C-alpha cells in the first residue's frame, strides 16, 4: 500500500488518505441531494482532535462556514466533519443557518458527542435550501457499517470534479510513526485565497491548536492559495486539519527538534491536493506550473506567478499548444510588481523563449511539442533578488465554457 | 449624415468620425504587414494640435509608446498620428525603438513637419520586428490622394476586431460649432486600465494641453478603464486626443461657462468607443453592462463593477442564458469592497434576483429570455452610500477560446 516514494524521511502513500492516521474513520452515501451520485460524507476521530481551519475570504460566507467557525472557537477541538455536496447552503439566510445547525446537531446526536465537536460544510449550487428531509434521513444511517468507506467519502464531496483527490504521508517523530492524510474537492471557482475548494486533512500527530493553525496558514499560502482555475473565489471554501494525538509523539511545537519534518509532511499533503485540484480544473487538459525565481520578495514572486497563471490568454495559448511567450511577458508586465523588463528570462519547460528584453531563438515545433504534454512548466527569472514562488493552474478550453454555460453553481 | 439623437445640446453623428472636426484628414492602405487587409493608417491635422494621451500601465510598454510619449513631452503638440496593425513592435528591444523612430522620422519627412509632431503607434503580434521595408514604402505613398479615406483609417487599425468603431458629436461653444470625433480598435487583451486598445479622438476645439489632459483622464476613468474582455492589460494601449483649435471658440478652461458641454461631448465619444470595444470582445455575442449603485465611494462602486464584469463564471453564465445570480453575488463578495451581504439587491435587467440575503422569487424562463438579448444589464444596489459606477464587458464563449488558442497576439 505504501509506495516507495520518499522525500527525506517522509514516505508518500497514495492510498487510505484520511484514514491512514490512527483513529479515523470515513464514509459516504447517497442521501438524495444529487440525482444519483454520493452526496453525504463524514470523517470521525475516535477522540476529540485539535483542529485548525482556513476559510474563504469571500464576504458571502456560506451558512456552514459560520456554524463551523463559531463551533471551533469554543475549544479548538472537533471530533467529526460532516460534508454534503450538490448544494452549497450559501445565500440561504436564516433558514440556511438553521439547516446547518440542524445538520450539526443531528450528526452529534448520532455520534453521542457535543454539537460543537461537529464541523459541517457544504458545496454545490448557491442559493437553494438544503433538502433537509433527505439529509436528516441520511444522517440517521450514515454511521452504519455499510457506509464506512474512505473511497465513498472522497466521492461524496465532489461536484464537477472528474476524479477524487487524496494523498497520505508517514514519517517519524520522537520515534513514533506519524501519518497525515488528506482529501479535497475543487474544480471550478478556484482562485488564490481559497476557492470552491474543500480540503480535509487528518493526522494522528500530537500537536496543540495554535501550532497546528500556524503550520496550516503557512502551508496554505504556498499551496491552496497558489492555485487558480478561473479567478473566482467561492463562498464555501474551507480547509480543516484534525490532529487527534494518537501517534503519541511528544507534543509538537515550533521548538520541537522535528517540527520541520511535520511541517514538510503537511506541505507535501497540501501541495499534492492543490495540484490535483488545479489539474482537475473545469475543462482542463493540462496542469500548468509557474515557477517564479529571483524576486525581491516572496509576495512579489507570488504576485507574478498568480498574474501569469490567471491570464485567460496564457491559458488558451497553452490549450492551443502555442509558444506565445508574448502573453506571458504581458502578464508579468501588469502584475503590479515593479520588474525590470530587460532583466527577465522566460522559459517554457526547457526552452528559453525570452531574454534581455527580446525573444530568444527557439525552434517553434520543439516548444509546441513540449506544450502537448499534460504537465506544462513555465519558469520566470526576475533577477531582482532571492525570493521565489510557485503557482499552479490549468489551460482554458472549450469544455470550460461548456461546463459553465450550462452547470448551475 | 447627422442623426437626430441629442443629449442636451450635443448632437451625435455616427459618420465621418475623426474627420468631422475641421482641419483633419485620415487615410489607410495595405502596406504588407498583414496578408491582405489594411495595415497602415494616419490622421493629420492642417495645423499643430494640442494633444493629451493616456497609456497602458503595463511595464512592458511597446517601443512606439516610448517614442510617442517622449515626443509629446517636448511641446504637448502633435500634427499627425501614424498607426500600423498586424505587428505591435513590443518586446523588440533596441531595434524596435529604432524602427519606431524611423516610422516617425519618415512620416514627418513626407509631411514636411518636425519629427516630434508625429505620434506613432502599433498593434498586433508581440515580439516580432516590424517589416520596415514594407512600412517605409507605405509611408512614401500613404499621403497620396487615393489613400485619403476615413473609412480606410478605421479599418487599418484593426486586429481581431470584427467591426470598425467610430463616433462623432457636435455642439456649440461660444456660438461656434465644435466637433469631437473618435475611432478605436480593441477586441482581446481588454481590461480596466487600458488594453490592446487604441483610441484616437480629434476635435477642433480650442483648448490648452493641461485642460485637455485633465478632461481625458477624468473621462477615461469612467469609460476606457471600465471595460474588460479578458482581464489582460496589453503592452500597447494608448488613447490620444488632438485639439487643433480650428473651431475658433475662446480657449476652453475649467472656468469656461461651457466647459461641461465639452467634457460631456468627450464623455459621449469615449463611452461609445469603449462600449463598442466591449461589444466586439473576442468571441462575444453580447454586450454586458454592470451598473453599481449605492456604494460608499466611487472607487468601491468601480471595484464591485469590475469584479462582476471580469468573472469568467458570470460571463459563461450569460453566454448560456443562465440566470445564475449566485455567481454575481460571489463576485461581489470577493471584490475586496466591504459590502453588507444582507443589504444588497441584484437585478438582471428588470428582474430582481437577490435581495435581503436571499434569492428573490422570479420566473426562470422570463429571465432566461431576457438574457438572450444582445444587451444585458446587471444592476447592483449596495445600499451603503450615494456613489455609483458602470462597467462594460461581454460574455465568454467557445469562440473566445477558439480565437485565442490559435491566434498569435
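Here the Cβ of each residue, glycine as well, is placed from N, Cα and C on the backbone.
Unlike curated entries, TrEMBL annotations are predicted automatically.
Listed in TrEMBL for this protein:
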- A:196: active site, nucleophile (ACT_SITE)
- A:159, A:185, A:196, A:282, A:404, A:409: substrate binding site (BINDING)
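Sequence features, as recorded in TrEMBL, placed on the structure.
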| residue | record | Cβ within 10 Å |
| --- | --- | --- |
| A:159 | substrate binding site | 24 |
| A:185 | substrate binding site | 27 |
| A:282 | substrate binding site | 29 |
| A:404 | substrate binding site | 29 |
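Chain B comes within the C-beta cut-off of under 8 angstroms for the following of the binding-site residues A:159, A:185, A:404: A:404.
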